[in-house]
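Enquirer: My questions all concern the structure below.
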Amino acid sequence: MRLAAGVDSSTQSCKVVIRDVDSGALVRQGSAPHPAGTEVDPEAWWRALTAAIEAAGGPGGVEALAVGGQQHGMVCLDENGAVVRPALLWNDTRSAQAADDLVRELGAEAWAQAIGSVPVASFTATKLRWLAEHEPENAARVAAVCLPHDWLTWRLRGSTDISELTTDRSDASGTAYWSPATEEYRRDLLTLAFGRDLVLPRVAGIREAVGHFGDIVLGPGAGDNAAAALGLGARVGDVVVSIGTSGTVFAVCDTPTAEPTGTVAGFADATGRHLPLVCTLNAARVLDAAAGMAGVDLHELSDLALSAAPGADGLTLIPYLEGERTPNLPDAAGSIHGLRLANATSAHLARAAVEGMLCGLADGLDALTEVGVPVSRILLIGGGARSEAVRTIAPAVLGHSVTVPPPGEYVADGAAAQAAWVLEGSEEPPRRVTQGTETYEAKPLPEVRERYHAYRDRAA
Ligand SMILES: Nc1ncnc2c1ncn2[C@@H]1O[C@H](COP(=O)(O)OP(=O)(O)O)[C@@H](O)[C@H]1O
Ligand SMILES: O=C(CO)[C@@H](O)[C@H](O)COP(=O)(O)O
């Protein structure tokens, strides 16, 4: 049996799946947690990766491996390959002012034309500007910058040579200094952000072997959302809604997008196509917070939410608990509206949390359709999709039936599919048919979204 391993080094944890290359069957898997916080020493990712590989029964028999990872995180290395400071993650909003400055300096339309996106605090370039302005001593030591999955792949190769760093097109497209339209770095934009040029990872081919971990061939890896698209075998017409730490709504397309309001990021995918994407900062952890407030676990929260009436009898939760990225409100806070004696219950709170979180994603779906993304099928994945309440309420809020694949690690699966692809060298990546999907339908709830919009606009 030939085995391929896939890694999802995501915000909250590292997950490893090991699959049979020929049948696609899951052979073994493991995971390990990541530290909390929006600033993390990359060594913690390495420790979690090695622990997750061990938890998956070790690398024995694995012939190829690829790493999918949280996008955008700024990993700065000195000329000897040592990490200069803890990485700033995609959900760290301290570079919001730097993002505003960069957008003002070049213009939103020019950014969209140059890199397919208008940068917000998540994008790597804005973090580099923040570093240059706030930590000049650290900035002076930086010789190279890379992303979480680039760094882990390089560590697996055992390299300390910054000239050997590699990345892939999907993750490069979240830096704000790589163009999905021309497939080239925009070093002028890197210099605009940081004040000087840096060593950047070479952008590997979509099925290129970039090195070895022992005897194991390493694939180029991918950003986590692109890896999920690969793991699901998403086709044009499929829109993926992922409820993890981030909430993302994305689709595979043949042509690049360049949306100048910044709502839709024009990312690249991991197969040579494009991946327009909307991302919110507040998704599964809104449910974690609501469960904490109600003093229940996540299963009880789901039961509570389903026991309340649609619309939570007028209770509305705006879920900006960590500020927000879409809409771009990095300093916003969450809020609860319409509180009355009749709806001051844990059940109404639970329902309002699920509806509020989903309303943010429904806005993302609208934004994708506005740039011309076709919607034949909506696929719901991520830790939050394990909630029955989320699965049941999603079609009502999204206004479309929702297909839910069985709970699984679709990012790690996509990375494993890429690893198998590197071994096979076929034209297209291997597609695993997902068995056991369930489809959820519900009467749309436009009034819930209208009320949400009214309160959302007050938060702006
Ligand atoms: N049954 C459930 N109901 C609601 N949320 C859940 C459930 N199971 C897991 N989660 C949430 O999913 C999140 C983790 O999802 P995941 O997709 O692994 O995130 P990430 O990839 O960002 O690390 C956690 O916040 C966790 O509380
Ligand atoms: O910033 C984005 C997408 O642009 C996030 O989707 C990150 O890639 C983190 O993903 P999760 O850890 O929440 O899966």
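Glycine residues also receive a Cβ, built from the backbone N, Cα and C atoms like all the rest.
Checked TrEMBL, it gives:
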ACT_SITE  Asp224  active site, proton acceptor
BINDING   Gln71, His72  substrate binding site
DOMAIN    5-212  domain 'Carbohydrate kinase FGGY N-terminal'
DOMAIN    240-421  domain 'Carbohydrate kinase FGGY C-terminal'
SITE      Asp8  site 'Important for activity'
Enquirer: Mind giving me a neighbour count for Asp8 (site 'Important for activity')? Other Cβ atoms within 10 Å of its Cβ, every protein chain shown.
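Expert: Within a 10 Å radius of the Cβ of Asp8 (site 'Important for activity') lie 29 other Cβ atoms.
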Enquirer: I'd like to know which of the recorded positions listed (Asp8, Gln71, His72, Asp224) lie near ligand 2, counting only a CB under 6 Å away.
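Expert: So the answer is Gln71, His72, Asp224.
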Enquirer: Tell me, how many other CB atoms lie within 10 A of the CB of His72 (substrate binding site), whichever protein chain they belong to?
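Expert: Step by step: centre on the Cβ of His72 (substrate binding site), count other Cβ atoms within 10 Å, giving 29.
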Enquirer: List, in sequence order, the same-chain residues at least six positions removed whose CB sits under 8 Å from that of Asp224 (active site, proton acceptor)?
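Expert: The list for Asp224 (active site, proton acceptor) reads Asp8, Ser10, Gly68, Gly69, Gln70, Gln71, Val411, given in order along the sequence.
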Enquirer: What is the total of other Cβ atoms whose distance to the Cβ of Gln71 (substrate binding site) is within 10 Å?
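Expert: The answer is 30.
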Enquirer: Can you check what DSSP calls Asp224 (active site, proton acceptor), collapsed to helix, strand or coil?
Expert: helix
Enquirer: Could you please provide the mean pLDDT value for the domain 'Carbohydrate kinase FGGY N-terminal' (5-212)?
Expert: 98
Enquirer: Any idea what DSSP makes of Asp8 (site 'Important for activity'), helix, strand or coil?
Expert: strand
